[in-house]
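Some features that Swiss-Prot has for this protein:
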type     : residues : note
ACT_SITE : D9       : active site, proton acceptor
ACT_SITE : D131     : active site, proton donor
Amino acid sequence: MIELIPAIDIIDGKCVRLSQGDYGSKKVYNENPVEVAKEFEANGIRRLHVVDLDGAASHHVVNYRTLDLIASRTSLIIDFGGGLKSDEDLIIAFENGAQMVTGGSIAVRNPDLFCRWIDRYGSGKIILGADVKDRRIAVNGWKVESTCELFPFLKDYTQKGIEKVICTDISCDGMLAGPSLDLYKEILAEHPTLYLIASGGVSSIADIEALHEAGVPAVIFGKALYEGRITLKELQAFL
């Protein structure tokens with residue numbers, strides 16, 4: 001069964017969502033992310049994706065207190081991303097309750113450091129973030145398109161021990177227009193043992209069903225839930 005991973009994106013300690021990574025499109029859904037996380041847990045959710053959008057913009061962890069509150073008041077398994085650029089950032093994330101961390105920009109900008117993290121913490125705790133725009137990896141909160149092509153990037157890091165990848169098609173993220181199903185099928189055809197976490201574009205329970213039928217191991221979703229396109233009750237079929 002596909003693993004369900006709701007997302008809580010944080011700006012100024014509040015639960016927000018963006019469209020295509022545009023900070024100008026910010027919409028606040030809840031002033032208290034802890035209450036959101038507790039509601040998820042009460043409905044059978046076991047895993048949570050927390051993104052520090054302030055951290056992504058400022059290149060260091062910012063909303064670690066919110067992470068700590070969610071971790072201390074729920075039993076959710078949390079993966080945390082956004083602005084992780086140093087050993088200190090990772091220590092802050094893990095000390096404040098993250099069980100896993102996601103590195104995207106750092107894997108492009110400083111691959112030696114990212115590989116040290118894989119070696120030090122293990123592939124169970126380090127997730128590769130592959131944020132894609134026109135099949136190139138985007139960095140710095142999706143504001144900059146790098147020269148890294150998606151498939152060589154994935155091949156390189158799977159050879160270096162990465163087992164889990166969050167792949168976000170930026171053109172789909174927050175648009176409620178459906179996920180990049182063909183892209184995910186292509187990735188799994190090339191990397192059949194990869195724990196691929198699809199992210200971006202999920203607009204309905206049918207999208208989750210389609211990803212499940214395509215063999216995608218896990219899915220991250222946010223706006224569809226916050227906008228009422230998907231209900232927590234509907235998700236029970238996958239739990």
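Positions of Cβ are set from backbone N, Cα and C atoms, glycine also.
Values in this document were obtained by computation on a predicted structure and should not be read as measured data.
It is 15 Å from the Cα atom of the residue listed as 'active site, proton acceptor' to that of the residue listed as 'active site, proton donor'. D9 (active site, proton acceptor) has a Cβ environment of 25 other Cβ atoms inside 10 Å. Taking all protein chains in view, 27 other C-beta atoms sit within 10 angstroms of the C-beta of the residue listed as 'active site, proton donor'.
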